Amino acid sequence: TGTYRGDSETQLERVNVYYNEASCGRYVPRAVLMDLEPGTMDSVRSGPYGQIFRPDNFVFGQSGAGNNWAKGHYTEGAELIDSVLDVVRKEAENCDCLQGFQVCHSLGGGTGSGMGTLLISKIREEYPDRMMXTFSVFPSPKVSDTVVEPYNATLSVHQLVENADECMVLDNEALYDICFRTLKLVTPTFGDLNHLISATMSGVTCCLRFPGQLNSDLRKLAVNLIPFPRLHFFMVGFAPLTSRGSQQYRALTVPELTQQMRDAKNMMCAADPRHGRYLTASAMFRGKMSTKEVDEQMINVQNKNSSYFVEWIPNNVKSSVCDIPPVGLKMACTFIGNSTSIQEMFRRVRDQFTAMFRXKAFLHWYTGEGMDEMEFTEAESNMNDLVSEYQQYQDATAEPEGXYEEDYDEA
């Protein structure tokens, strides 16, 4: 219903970051929901939270994108995009101090990937100096529902590299693994996966929404996490992992949280941080705890695992503490890492892309919507560049090697 039922003043102190206050104390989320088919919107509207959204903020088409990136980006999506931008503009004009935009989308289908990246590039044109953070769900072969996912994902990454400021990389495979292994769920549903994603999103954004001892926002996060502009794809982890509707058995200590959040099993994307090195990382703790203990633990982590952090960026792990824990937990922690091991995911998608593209499989669905093969080639080479950039910085050391010295002589 959009009314606040708690009794904590701090919860309401910055409620206007994500909500507009309407008459009689109702809060309306500043969210725009878009899709190219009406079905999903109908299920949101008839669901438990359907009534809290502003009805005008549902923007949908009738035809669907049929898992086709070109339909989302060039044909169907292009027809709908202006009505979406009108709503976005209206919401942006209501803001006192607009910091940026958050886009949640998947990269495997047609709408989230094609139209999602179209929306991002349009917002980029209109608000060039605002932050653009995305929560992007990458496709994975183990949990696949369309054969053309690698095409859609590669074309999307090509856009995200250029137009997004920070991408939180999520992955259905990793989310399923967490449900199976850690939460011991036998048949996880999308509801369970979304529960994990929402816990992570809540953690990433808690500094924007609540007062805390060490405050950070989207821009500070970007400044601390992105050493090179193209390398803005982050792995996210969360601790403690709980399943929907479960009660937590005992409160974790700060050392346990620190241990868990960096564990590969707690990462929301299917890449193993131990196979690469962290360029930068950030940890956001929530709950009543001593900032001193958090700092000590973080230093401890860096000292014990120094080989997993690049040595040419000193102090590359930042931590922040927010006093208000998530609902149902005493303490929690969200971890965001800019790790070179994320290239495993890009490699995986790229290899599948190349296998199909070499034989030009399924290409007619895209060229039929007016795309050119050239675009596929460009997206593929951009993905290759991204992978080799991650590899280059993974191998980089603080000491200049002989090879560099020769370059200086010539210069």
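Cβ from N, Cα, C; glycine included.
Swiss-Prot lists Ser106, Gly110, Thr111, Gly112, Asn172, Asn194 as GTP-binding residues, and of the candidates Glu9, Glu13, Glu21, Glu37 the one it assigns to that same site is Glu37. Residue pair Thr111 (GTP binding site) / Glu37 (Mg(2+) binding site) shows a Cα separation of 9 Å. The CA atom of Asn194 (GTP binding site) is located 20 Å away from the CA atom of Glu37 (Mg(2+) binding site). On a Cα basis, Glu37 (Mg(2+) binding site) lies 12 Å away from Gly112 (GTP binding site).
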